[in-house]
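To keep things clear, I will list the structure first and then write my remarks on it.
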Amino acid sequence: MQTNFLSQQFNAGSLAEDSTACPANATICDGTSCVLPEDNFNQTLSVVLSTVLTIMLALVMFSMGCNVELKNFLGHIKRPWGIFVGFLCQFGIMPLTAFLLSLAFNVLPIQAVVVLIMGCCPGGTASNVIAYWVDGDMDLSISMTTCSTLLAMGMMPLCLFIYTKMWTDSDAIVLPYDSIGLSLVALVIPVSLGVFVNHKWPSKAKIILKVGSIVGAVLIVLIAVVGGILYKGSWIISPKLWIIGTIFPAAGYSLGFLLARLAGLPWHRCRTVSLETGMQNTQLCSTIVQLSFTPEQLELMFTFPLIYSIFQLLFALLILGGYRLYRRHRVKTKTDVEKTAQKEDSKSSAKINGGFVSDE
């Protein structure tokens, strides 16, 4: 059963007559909760922005590839302990957390399903940009994103089959394998080109990386803003989903970091695994729910991927800010210790040299 949430037209004239809260062209109207059909402006805006964002994303992933050392990347593939830990976080911790949150908040079955779909999605590419800013292991970050997207072909159906049994038939959920495949291609090709540039022209790769990291930060904000503009008709949603959308990414970041630390990974890789766990491919989740459910069902669930996207970005920025403050304090403390040590050395040499202390 395939439906397009934004383009389906339904007759809501009688509902609009009874309620002044909903406009006459609303496709679904229930009191003050309305879903509007996509107008030509939104359709054109969606196409233009999707094209621009896709090009920007390819450029960002190309620049991220410029920070990947082929030797280190292949090292993670040959000795995939870090990738394995990330796999456990991505397809172990996240689906289980989604299941427990759905039970704890006792949400509607259709809402529980969208939370589970989000939990079963692979990691998003935004994690690579944030990992760069927190001095994470870029080789591990890229390899984790690539592997999780590839493994999603099999792991998403398996996880959804296990966890959605009590709410719905897993066969009712349509997985867009073409979208997953396109995500994989859009990730692998630009990154491969970036790795090649880094290998051949390392000095130029550093410049590309700096520019790309800034563009990546802008891109992350743009995606959140664009989502708010295009789906403004769906913002009325259950408070429980707002709460879950707040807790879920925070739990992903925290549990991913904890498991990576328990697995003995160094701190910079723990930060990387944490980001890869908490940052999900929310665009893929939106595509799945649009393909799988009717407009009436989508009214109860469609905004959740956008809510998750906003809070995963917010918490990622908090992690980035906290790390930068820690790093600045650490560097300052380290500098003070070095100056104290140098002063002690100067005093010692002063006694030896008859009280002379150098100004240097």
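Backbone N, Cα and C atoms are what each Cβ position is placed from, and that goes for glycine too.
The transmembrane segment annotation in TrEMBL covers 45-63, 83-105, 112-134, 140-163, 175-195, 207-229, 241-263, 306-326. Annotation source TrEMBL lists region 'Disordered' at 336-360. Annotated compositional bias 'Basic and acidic residues' per TrEMBL: 336-348, in sequence order.
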| task | Find the member of 83-105, 140-163, 241-263, 306-326 that has more C-beta pairs under 8 Å to the transmembrane segment (112-134) than any other listed stretch. | result | 140-163
| field | Remote residues contacting the transmembrane segment (83-105) - C-beta distance under 8 A, at least 6 residues beyond either end | value | 76-77, 111-112, 115-116, 118-120, 122-123, 140, 143-144, 147-148, 151, 155, 159, 162-163, 167, 240, 243-244, 247-248, 251-252, 255-256, 259-260, 263, 265, 273, 276-277, 280
| said: Counting only residues 6 or more past its boundaries, what in the same chain has a CB within less than 8 Å of a CB in the transmembrane segment (241-263)? | reply: 81-82, 85-86, 88-89, 93-94, 97-98, 101-102, 105, 107, 111, 115, 118-119, 269-280, 301, 303-304, 307-308, 310-312, 315-316, 319
| task | Quickly jot the same-chain residues contacting the transmembrane segment (175-195) by Cβ under 8 Å, restricted to those at least six beyond its ends, or write none. | result | 54, 57-59, 61-68, 70, 73, 122, 125, 142, 145-146, 149-150, 152-153, 156-157, 160, 205, 208, 281, 284, 287-288, 291
